[in-house]
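Peer 1: According to TrEMBL, the protein carries these features:
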- 38-56: transmembrane segment (TRANSMEM)
- 76-94: transmembrane segment (TRANSMEM)
- 114-132: transmembrane segment (TRANSMEM)
- 144-165: transmembrane segment (TRANSMEM)
- 217-237: transmembrane segment (TRANSMEM)
- 266-289: transmembrane segment (TRANSMEM)
- 301-317: transmembrane segment (TRANSMEM)
- 329-354: transmembrane segment (TRANSMEM)
């Protein structure tokens, strides 16, 4: 019997899946490209990404009882559908490896400095696979609990440092014109990686026609968090310091210790809470890749595939020699993300429209 989740569960699952450790580093990545206009990129990225998400959900809502494999077979045939599914599978496995490596590096540097890297990474992946192996419904319920209890704490800690924001750090506005900001915002559509889960998620929804609502509400919630973090980081640290800060989000929360001096090491509390919040990211990706692999291989029971693919995920995550090489090694995920989030949905949606008109 197929698992079923409600619209609100899907929304919070997406929120939990999209928030990851990389969110804390986003300000540094953006400031390297556009400098003082960093704070303008995410709002524009939100608008562009919503367009891609709308197209994706419009496509999947045309086939509420089918997943990517099912409706792509109907539209473009068995073999091309298998190829498209394989592309998405490679994307999700690569994302899982990147998320695992970045999270493990953060845990290692901030909480478990004396623990071997391999132990931290393998432990994180095993726990994520365990949750993924339980199925979609337990994963969705866990995401609800995690988001409700951890997200408010996270936002509160950033609120504590708002008085330290200097408005001069946002000036001048657009010193190099709007094009660099627009170009980067378009490129960052691929950062909405976990929205690609809707390629297989809709048949599991109690109300499939609410897919756009679940996707848009979840995405806007995440982007509100992202904009808060990036704006706070730039306002507090400034562009020059931001360029050389490894994890700006963590550095900023360390300043909250002055506002809440009755609690020691607030930054450690923050990173501990954040690690809990990002656990569903790897779990959701492992569940999705397991389900998709099961569909491609025509397997009835796919849940244990979450564990079987861990050697590949671990190998990819371990390939970069140090934390500074991770971004370079996984660079292929950004163009591949545009293919998965924009290219494949656009292709299949056009085919669906032409077929409807032909009838």
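For all residues, glycine too, the Cβ spot is worked out from N, Cα and C.
Quick one: how deep are these features, and who are their neighbours?
Peer 2: Counting residues 6+ beyond its ends, the transmembrane segment (38-56) has Cβ neighbours under 8 Å at 26-27, 30-31, 170, 173-174, 181-182, 184-186, 188-189, 191-192, 195-196, 198-199, 212, 215-216, 219-220, 223, 226-227, 230-231, 234-235, 239, 242, 341-342, 345-346, 349 in the same chain.
Beyond its flanks by at least six residues, the transmembrane segment (76-94) meets 68-69, 193, 196, 199, 285, 288-289, 292-293, 295-296, 309, 312-313, 316, 330, 332-333, 336-337, 339-340, 344, 347-348, 351 of its own chain at Cβ-Cβ distances under 8 Å.
Note on the transmembrane segment (217-237): residues 10-15, 18-19, 23-24, 26-27, 30-31, 38-39, 41-43, 45-46, 49-50, 53, 151, 154-155, 158, 161-162, 164-167, 169-170, 192, 195, 245, 248-249, 251-252, 255 of its chain, located 6 or more positions outside it, place their CB under 8 angstroms from a CB of the stretch.
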Peer 1: When each of 114-132, 144-165, 301-317, 329-354 is checked against the transmembrane segment (266-289) for Cβ pairs under 8 Å, which one has the most?
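Peer 2: Most contacts with the transmembrane segment (266-289): 144-165.
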